[in-house]
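Undergrad: From Swiss-Prot, here are the annotated features:
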- Y4, N41, D68, G109, L110, H111, G112, V113, G114, V115, K333: ATP binding site (BINDING)
- 412-525: domain 'Toprim' (DOMAIN)
- E418, D490: Mg(2+) 1 binding site (BINDING)
- K443: site 'Interaction with DNA' (SITE)
- N446: site 'Interaction with DNA' (SITE)
- D490, D492: Mg(2+) 2 binding site (BINDING)
- H497: site 'Interaction with DNA' (SITE)
- R613: site 'Interaction with DNA' (SITE)
Amino acid sequence: MQNYNAKSIEVLTGLDPVKKRPGMYTNIENPNHLIQEIIDNSVDEVLAGFASKINITLYEDNSIEVADDGRGMPVDIHPEHKMSGIELIMTKLHSGGKFSNKNYTHSGGLHGVGVSVVNALSTRLEAEIKRDGNVYHIVFEDGFKTKDLEIIDNVGKKNTGTKIRFWPNKKYFDDIKVNFKALKNLLEAKAILCKALTIKYSNEIKKEKLTWHFETGLKGYLDHKLEAETLPAEPFIIDNFSNGDSYLDAVFCWCEDLSESIKNSYVNLIPTPQDGTHVTGLKNGIYDAIKAYIEKNSLSVKNIKITANDSFAQLNYVISVKITNPQFAGQTKEKLSNKDVTNFVATAVKDLLTIWLNQNPDEARQIVENISKVAQKRINADKKTTRKRIMNTTIRLPGKLTDCISSDVNSTELFIVEGDSAGGSAKQARDKNFQAVLPLKGKILNSWELDADTIMNSQEIHNIATAIGVDPDSDDISALRYNKICILADADSDGLHIATLLCAMFLKHFRKLIENGHIYIAQPPLFRIDIGKSTFYALDENERDTILTKNSKLPGKVNIMRFKGLGEMNPAQLRESAMDVSSRRLLQLTISDVYDDTEMLDMLLAKKRAKDRRDWLENYGDRASVE
């Protein structure tokens, strides 16, 4: 082992940190997040009042172009760095004009890494800027400038804007193909949240053109998305509420049918799928208003005390805040962390909702009744759990479960493994200190259209529920026995089928576990590749080919082994490729803010949707994957 001293320390400069660890800066499943970074810059121009149009074009060569009619990126020379503003923005992390409020009052591009990350992870990037009566052009390849900034044309001085076209580098992404549905949902959301914005979308691959412009903004949005009955019948709307520097737009209603649940949050029009302080403020404000209304009107039910979670359980909402200095947890801007936003949103929501409740007593009482029912179910579930604990000082765990030594729920893991054979290998491959293994026999029951009592008649599902310590259809996960619950199935089509059924079961009957980040899908390899003394694992044919290409100059004989299933792997191979914390690949199961997960699984698994399923398979079946 080499000595660890000052010489061992690496200092990554320029865009090297992004290229070295791209997953720290963007979502590497596909280029969608890169597109969003550029769109967010254009939206910032709209929010600042300098733009009203954004055009997105997807080309057949997998390049993407985003153009706006904003002020145009700066092209003058920076006094300190001695390079043009556009080159500085593209090649230096943490450079930008949004760290103060001089140029943008409300912006999402705070970290100053967005567009430079796009440049770093692209084989080529071209920027065209219309500014000061000129059209400027500059080119980058692999993050480096290859063509100096030059004037290529002249335009009227009022004709301004920025156009960026980039080609994602496939070596940094699982797939360089854009997820069209996710992108279109994002664009629609941007247009809904920004009344002044017109977005045009052109997909040359699918020969599709769309335009979004919503003069009414959030008004009627939930009506459009929700088919079930809601309370209130007309969703409650907060329109452009301001305290001076911050602005709040929100629309929400309660709906007993949770299959269509909509919970979307945004900061300066950037989606925050992991929520944050603005959603906490919404939750607190609603709870405070409901609680005060119950006390004022003596509507409390004996022995039932509602909580903030009770008032939020059946809520469908879209909340959008515009603030001057957004702070996010992480570079991908998925969770807002500004503490002052909680109080701003909570105060506004409480005051406005209180007025509405007093003005609409009939609907207000119905809302209180529904929330009280939710609280009653929670209390009953808590009592049931308490009785179980009293009756069973030691939980009677399934006989097939090989448990771990540790009882620290923050560190333990359960692998639900397809097949007894693979289960045996997994038991030998695991770290017995914190990893438990539960083998499944055969295909699991399709539980999508079944209730909790029915699915518990299935021995396999009963074993899963008992092992993890959570009852199906329960919001109480206080007895959860493992921090990570990992689905480990074969990498072939049968394994994907089983993984899909398990994902559907967790989404339908153990949703709280997904919402709290406890469900994962292990990604075992389909191939083992030995090149001389080096060993690689590949998830599929594409990754196999990429590995072979990247390592074509390595000395030694090439040997490729295809695993027919987990059972073909010896414990050492299974440990290294699927279970070892340092080398495995886990995919966290999440509830998307842009995909309609429930609708997709309903179409795939519901008996009544046979025709829809057949149509979908004919059109998109070759692109299906478990996500």
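Note that Cβ sites are derived from N, Cα and C of the backbone, with glycine treated the same way.
What's the neighbourhood like for these features in this structure?
TA: Secondary structure at D68 (ATP binding site), taken from DSSP and collapsed to helix, strand or coil, is strand. Residues within less than 8 Å, Cβ to Cβ, of D68 (ATP binding site) and separated from it by at least 6 positions along the same chain comprise S42, E45, V46, A51, K53, I54, N55, G161, T162, K163.
Under DSSP, the residues of the domain 'Toprim' (412-525) split into helix, strand and coil as follows: 46 helix, 21 strand, 47 coil.
In sequence order, E418, G419, A422, I498, P524, K564, G565, L566 are the residues of the chain that are 6 or more apart from D490 (Mg(2+) 1 binding site) and have a CB within less than 8 Å of its CB.
If you take the C-beta of K443 (site 'Interaction with DNA') and look for same-chain residues 6 or more apart in sequence within under 8 angstroms, you find H497, I498, L501.
Around the Cβ of D492 (Mg(2+) 2 binding site), a 10 Å sphere holds 14 further Cβ atoms from the protein chains shown.
Spatially close to R613 (site 'Interaction with DNA') yet at least six residues away along the chain are M603, L604, judged by Cβ distances under 8 angstroms.
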Undergrad: Could you give the Cα-Cα distance between G114 (ATP binding site) and N446 (site 'Interaction with DNA'), in whole Å?
TA: 42
Undergrad: About how far apart, in whole Å, are the alpha carbons (Cα) of N446 (site 'Interaction with DNA') and D492 (Mg(2+) 2 binding site)?
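TA: N446 (site 'Interaction with DNA') to D492 (Mg(2+) 2 binding site), Cα-Cα distance: 19 Å.
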